[in-house]
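Visitor: Before I ask anything, let me first share the structure, which is written out below as structure tokens.
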Amino acid sequence: MSNATLPAETSSGAMRRRALADFWFYFSENRGAVIGFWIFVALALVAIFAPLLAPHDPTQQFRDALLTPPVWQEGGRPEFILGTDAIGRDILSRLIYGAQYSLFIGVVVVSIALVGGIIIGLIAGFFGGWIDTVIMRVMDVILAFPSLLLALVLVAILGPGLTNAMIAIALVLQPHFARLTRAAVMSEKNREYVIAARLAGAGRLRLMFKTILPNCLAPLIVQGTLSFSNAILDAAALGFLGMGAQPPTPEWGTMLAEAREFILRAWWVVTFPGLAILITVLAINLAGDGLRDALDPKLKRS
Amino acid sequence: MLRFILGKLTYLIPTFIGITIVAFGFVRVLPGDPVLLMAGERGVSPERHAQLMAQLGFDRPIWEQYLDYLWRLMHGDLGTSLITKKPVLTEFLTLFPATLELGLCAILLATLIGIPAGVLAAVKRGSWFDQLSMGTALVGYSMPIFWWGLLLIILFSGILQWTPVSGRISLLYYFPPVTGFMLIDSLLSGQKGAFASAVSHLALPTIVLATIPLAVIARQTRSAMLEVLGEDYVRTARAKGLPTGRVVGLHALRNAMIPVITTIGLQIGVLMAGAILTETIFSWPGIGKWMIDSIFRRDYPAVQGGLLLIAGMVMVVNLIVDMLYGLINPRIRHK
């Protein structure tokens, strides 16, 4: 017995390495995906090293430099590369710190939605019957509301703020994960390997999480990247509407909300925060497209 | 077909009941006393408070209140706005044409550009057009539309001074609403320049609202087209010597349109979410702006009613899309 287990373990390690190499091969075929991936890595580094990179404190107000234009424009000052906002805060520093918020929002929201969705979907798909019906009807109800509207109303109930905005967005994004998990579980649960595991005496939890779940991960990963960018966009939208992160937090959507009244006087206070959102979301979506192609065996063959 | 529709309907009833529970529950789970909330800063005496609680039914069991709510709903009573004191349904219906006009123009723009772009990208797969259009689509898909709207205002209203910043029509023109659609009403009024003014007000919001649906439709059309172009019957049609235009336009496009129509239908939720942002930026007097204003003014009956009507609308449109889908695709209908 012990003799048989040992090589099996090493080969599973080798298989994993092999699968990873395979994955990277297909992923790197897509030039856009690789670019997106590296931009995302760069953003993560910016977020981590924000205190070292930012030239100023993001909340420090330079009273002598209100609405200073970017350095290349007339009137610009070299210490404020992207200019300053209406109360004299350095925009570049705020953008750098803002990267922390956006990535944090993405990670937290996707984690909550993913874990919640997987558990709910596993339960629905595994048990079936009335449990499944009730759970999926509830998911349908959540999906019947436009996501931003439901998030707005939830934040209105919970009170404006970044934490509540993240909870609301996670709740709104979660049914997608539940549906995907359920569908995958339903198609997997009667496969032979699952029946074999069941006959071997595996308990319900083991069947759900160790036997079935790993074989349902590919669509969930793709949905995860999609939700990551959606979470950033929705959180920024909530911030823009005054329902997300509150000033003076250097969150990009909140920065845009504060900048709105200056759009015709100072283009830079509006342009740069939005550009930061666009680049982040675009990078994630680019990488997500590549991920989908690399993980989808149907597309791989063609 | 009838059985197909009935099947869909029975499926929707639990969802609709769920929506009413959410809309009903929304006001109940709010922290604070509903009567104090309505009284606002003025406050009420304890006797008046008890009287109001009884009058509004808040002292009865929750399930009784819910049934009462459903009963009033079935009679078209969605409550009264706390701010304007007008029925919520009337408010909604007054503002709805503005959102409908904007939404229809946006989806029209998205379809008219998205489908041809997607078809062309698929037919010329790998060409510079394919790469450019799909690159643009991905940017559009990733766009924070509230920022996009502000950028367009800076460019077209600020620098070029081509378009106005907000509203539906210039204050110079006044005519009573006939259809509620500014484009049609301005033509009917016969006033010179009114139509042009309406168009110039509508242009930017339409572009902003159309951005994401356009990107989604173009991407979906391309991938549906690519799938169909690889099918045997398309190869047969080609082998028969049919001209490419006929193969693409007649054989492939027809079948590729099935998933695309579904995609277009599913954009209504995206449009309603987009309308909230677009109408806020352009001060467009529609449902989206009304919802966000009501949330900020704590006008809970209005939020409750709007939530229900919007979700109900999304549901009905999705049902129609499902039916259309069954209509053009017999395989689904007869399953």
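If you go along the chain as it appears here, the first residue is 1 and each next one adds 1.
Cβ atoms here come from the backbone N, Cα and C positions, even for glycine.
Remember, it's a predicted structure, so these values are computed and weren't measured experimentally.
Heads up, here are the entries from TrEMBL:
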{"type": "TRANSMEM", "residues": "B:12-30", "note": "transmembrane segment"}
{"type": "TRANSMEM", "residues": "B:92-118", "note": "transmembrane segment"}
{"type": "DOMAIN", "residues": "B:96-325", "note": "domain 'ABC transmembrane type-1'"}
{"type": "TRANSMEM", "residues": "B:138-159", "note": "transmembrane segment"}
{"type": "TRANSMEM", "residues": "B:171-188", "note": "transmembrane segment"}
{"type": "TRANSMEM", "residues": "B:194-217", "note": "transmembrane segment"}
{"type": "TRANSMEM", "residues": "B:264-287", "note": "transmembrane segment"}
{"type": "TRANSMEM", "residues": "B:307-328", "note": "transmembrane segment"}
Visitor: The transmembrane segment (B:194-217): which same-chain residues, six or more beyond its ends, come within Cβ distance under 8 Å?
Guide: 101-103, 105-107, 109-111, 113-115, 118, 136-141, 143, 145, 148-149, 152-153, 156-157, 162-164, 167-170, 172-173, 175, 182-183, 186-187, 260, 263-264, 267, 270-271, 274-275, 278-279, 281-282, 284
Visitor: Hey, which of B:12-30, B:171-188, B:264-287 has the most Cβ-Cβ pairs under 8 Å against the transmembrane segment (B:92-118)?
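Guide: Answer, by Cβ pair count: B:264-287.
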Visitor: Same chain, outside the transmembrane segment (B:171-188) by at least 6, Cβ under 8 Å from its Cβ: which residues?
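Guide: Counting only partners 6 or more residues beyond its ends, the transmembrane segment (B:171-188) has Cβ contacts under 8 Å with 96-98, 100-101, 194-195, 197-199, 201-202.
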Visitor: Can you name the far-off residues of the same chain, 6+ from the ends of the transmembrane segment (B:12-30), with a Cβ under 8 Å from a Cβ of it?
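Guide: Residues 37, 62, 65-66, 69-70, 73, 300-301, 303-305, 307-308, 311-312, 315, 319 contact the transmembrane segment (B:12-30) from elsewhere in the chain.
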